[in-house]
């Protein structure tokens, strides 16, 4: 069988481009192999690596990035679907060049948490418990809904709160939940949950900075109330 007709699937696993990328990283592959992973299949006449080698013999990387679908389909074996895949990859690369990451929101006080969360929580009909995961500069890395419904210690378990904290390499956590009644005064259950999570954070070396309860146009900081120490 001719080499260019050997299906990629029939190659030894250690020689397949996708498996090599997973094992050794994308930098270990040739341009034709990388493009082959994108296109996935060749034609009846040749395998995908042979097809990609022909494409790259006709267009260098720069030229390929600028070729539109109409031009790409002039290459034998490249239909509209494959041409669209190539165009999409290079368009993503162009967008990466101009991408500017939005600055992370920094939390300096309970008032900052209230300003951020109140517009989204004021009309909630059920209690929603949310955690904000922060970096060492108190910038928000991630926001996550932990539970919906009446807050109690059996629902809000430290495992659920700190799992994401560890995955995000968070330095600290701020907890937020709402009181649909409009009164942000902490209940006995609120205090118990807070104390349980503070102790869990100490064991893992993750600071619980505060637990903010949001009511109707006002809030309570359990740190200010002395329950977060």
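Just so you know, glycine gets a Cβ as well, placed from its N, Cα and C.
These features come from Swiss-Prot:
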BINDING   177, 179, 190  Zn(2+) binding site
DOMAIN    106-228  domain 'MPN'
MOTIF     177-190  motif 'JAMM motif'
Statement: By a three-class reduction of DSSP, residue 179 (Zn(2+) binding site) is assigned coil
Message: Neighbours of the Zn(2+) site 177, 179, 190: Cβ within 8 Å of the Cβ centroid, same chain, sequence order.
response: 127, 129, 151, 178, 184, 186, 187, 213, 214
Per-region confidence, the motif 'JAMM motif' (177-190) (mean pLDDT, whole number): 94
- line: Near the motif 'JAMM motif' (177-190) in space but 6 or more residues beyond its ends, with Cβ under 8 Å, are 121-122, 124-130, 150-153, 211-220, 222, 225, 227
Query: Where DSSP helix means H, G or I and strand means E or B, what are the helix, strand and coil counts for the domain 'MPN' (106-228)?
result: 39 helix, 36 strand, 48 coil
- prompt: Counting other Cβ atoms within 10 Å of each Cβ, which of the binding-site residues 177, 179 scores lowest?
  reply: 179
Message: List every residue in the same chain as residue 190 (Zn(2+) binding site), at least 6 positions away in sequence, whose Cβ is under 8 Å from its Cβ.
response: 151, 177, 211, 213, 222
